[in-house]
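Q: Sharing the feature lines straight out of TrEMBL:
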type	residues	note
BINDING	T12, G13, S14, I15, G38, R39, N40, N123, E125, G204	NADPH binding site
BINDING	K124, S150, E151, S175, H198, S211, N216, K217, E220	1-deoxy-D-xylulose 5-phosphate binding site
BINDING	D149, E151, E220	Mn(2+) binding site
DOMAIN	6-131	domain '1-deoxy-D-xylulose 5-phosphate reductoisomerase N-terminal'
DOMAIN	145-228	domain '1-deoxy-D-xylulose 5-phosphate reductoisomerase C-terminal'
DOMAIN	261-380	domain 'DXP reductoisomerase C-terminal'
Amino acid sequence: MTQRGVTILGATGSIGENTVDLIARAPDRFRAVALTGGRNIARLAEQARVLNAEIAVTAFPDLLDDLRAALSGSGIEAGAGEAALLEAAERPADLIVSGIVGAAGLPPGLRALRQGTTLALANKESLVCAGPLMMSEAAAHGARILPVDSEHSAVFQALVGEEVSAVERIIITASGGAFRDWPLESLASATLEEASSHPNWDMGQRITIDSASMFNKALELIETREFFGIDPARIETIIHPESLIHALVGFRDGALMAHVGPPDMRHAIGYALNWPDRLDIPVARLDLAQVGSLNFRAPCEQRYPALRLAREVMAARAMAGPVFNAAKERALDHFIAGRIRFTEMAALVEDVLASISSDSAFRADVTLDNVRNADQMARQAADAWLSVQAH
Ligand code: NAD
Ligand code: MG
């Protein structure tokens, strides 16, 4: 078996840690090329030493000396700042895992595609912001994108050996997040702590809060549209509180193929790392007799306005994706900082989308510059929204 060189963008995050865990368990199969992280220098250096990576890079230029010191004597190179991050994505590797959170994952993701390699993509925001650009860049350079988001990995697996033309619908499951059973009138007073605990999955704080608001599911619907190129009318969401079925694909003959497994991201990550092979992955095996029953219910759009907004974004495309994503990222910053209530996140995003949709920039082509511009406009509008509310 040939050894695969793997780069992990966002190695110190939740997706990154799970990837490091899988790679550390299979040293015959994988070797680490570049690892990137943020402010957690101690952890980044530790990962680089454990995996004997070629280089470790922090996104923050002021932390270069700290990283160098933490790596001293190891022979591992250190890098810092945006250019170093892009260089890490360009360093030849068989597989690049993108576990960066937010729109910041787009530029390194594009660089990774340019080397014509395989990008295992957890960073759904890059597809939401620039799906057509990511897909065309992949095609132009003979690169492949493998989904790492559990739902999209599930759909991808259900499609093996199938023609996309045979697909009637894709059903993305949702746990419903922390507040699925709360009375609607209590949502406005939900605290940060309450929003930061997920009923089934152990993930980074931002995606966990996005699960409570279902902004995460909104991003995933758009991700489905962009990745599989399917008509949004054929994409459905269903609440499935157990989080054991990750997605279903419905075919034109009426068959539904469901992907079933425990809520452990190491499955989807491991599938991408080993693709097209299937090798042992240390996730728990489901005991269906113990599971007993699986439940489903339709999502309530009053509880989850983000789902309605996702439909609008999928219909508009162009800059709707980056505006939606950036407004959502700022709304989340404001909620985490205690500046707005939980329910105000959707109100803010809806207002920002409405205010920018009349601007001609909203209909611009999906280029990196236009996406950056739309992203900036939306962040400014999100901050302006805050000051208007305060008066
Ligand atoms: P996280 O917050 O745990 O980790 C994010 C990583 O990105 C960290 O290594 C951090 O240092 C790095 N990072 C943050 N900001 C950066 C910036 N501006 N520039 C460069 N690096 C930066 O996030 P996570 O939960 O692991 O999620 C990562 C991505 O994977 C997100 O897009 C998320 O939606 C997606 N995802 C996560 C899970 C999960 O289980 N956590 C599941 C499915 C999809
Ligand atoms: Mg997901």
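Think of each number as a place in line: the chain as shown, counted from 1.
Cβ atoms here come from the backbone N, Cα and C positions, even for glycine.
TrEMBL: automatically predicted annotations, no manual curation.
What you are looking at is a predicted structure, and each value in this text was computed from that prediction instead of being measured.
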Q: When secondary structure is assigned with DSSP, how many helix, strand and coil residues does the domain '1-deoxy-D-xylulose 5-phosphate reductoisomerase N-terminal' (6-131) contain?
A: 63 helix, 28 strand, 35 coil
Q: Going by C-alpha positions, which of the binding-site residues (K124, E151, H198, N216, E220) is nearest T12 (NADPH binding site)?
A: K124
Q: I'd like to verify something. Among the binding-site residues T12, K124, E151, E220, which ones have a C-beta closer than 6 angstroms to some atom of ligand 1?
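A: Among the binding-site residues listed, those whose Cβ sits under 6 Å from ligand 1 are T12, K124.
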Q: Identify which of the following binding-site residues, namely T12, G38, D149, E151, H198, place a Cβ less than 6 Å away from any atom of ligand 2, and list them by sequence position.
A: D149, E151
Q: Spatially, and counting Cα to Cα, which of the binding-site residues is closest to H198 (1-deoxy-D-xylulose 5-phosphate binding site)? Options: S14, N40, E125, D149.
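A: Out of the listed candidates, the nearest Cα belongs to S14.
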Q: How many of the residues that make up the domain '1-deoxy-D-xylulose 5-phosphate reductoisomerase C-terminal' (145-228) does DSSP mark as helix, as strand and as coil?
A: 45 helix, 11 strand, 28 coil
Q: Could you measure between E220 (1-deoxy-D-xylulose 5-phosphate binding site) and D149 (Mn(2+) binding site) for me? Cα positions, answer in whole angstrom.
A: 8
Q: Where does the mean pLDDT land for the domain 'DXP reductoisomerase C-terminal' (261-380)?
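A: Averaging the confidence scores along the domain 'DXP reductoisomerase C-terminal' (261-380) gives 97.
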Q: Please find which two of K124, S150, E151, S175, H198, S211, N216, K217, E220 have the most distant C-alpha atoms, given that the record lists them as binding 1-deoxy-D-xylulose 5-phosphate, and give only that distance in angstrom, rounded to a whole number.
A: 19
Q: Whole-number answer please: how many Å between the C-alpha atoms of D149 (Mn(2+) binding site) and N40 (NADPH binding site)?
A: 24
Q: For K124, H198, listed as binding-site residues, tell me which one has the smallest number of other Cβ atoms within 10 Å.
A: H198
Q: Please identify, among the binding-site residues S14, G38, N40, the one with the smallest Cα-Cα distance to K124 (1-deoxy-D-xylulose 5-phosphate binding site).
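A: So, of the listed binding-site residues, the one sitting closest to K124 (1-deoxy-D-xylulose 5-phosphate binding site) is S14.
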Q: Distance check, please: Cα of G38 (NADPH binding site) against Cα of N216 (1-deoxy-D-xylulose 5-phosphate binding site), rounded to an integer number of angstrom.
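A: Computed Cα spacing between G38 (NADPH binding site) and N216 (1-deoxy-D-xylulose 5-phosphate binding site) is 22 Å.
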Q: Which one is it, among the binding-site residues S14, N40, E125, that lies nearest to E151 (1-deoxy-D-xylulose 5-phosphate binding site) by Cα separation?
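A: Closest candidate to E151 (1-deoxy-D-xylulose 5-phosphate binding site), judged by Cα separation, is E125.
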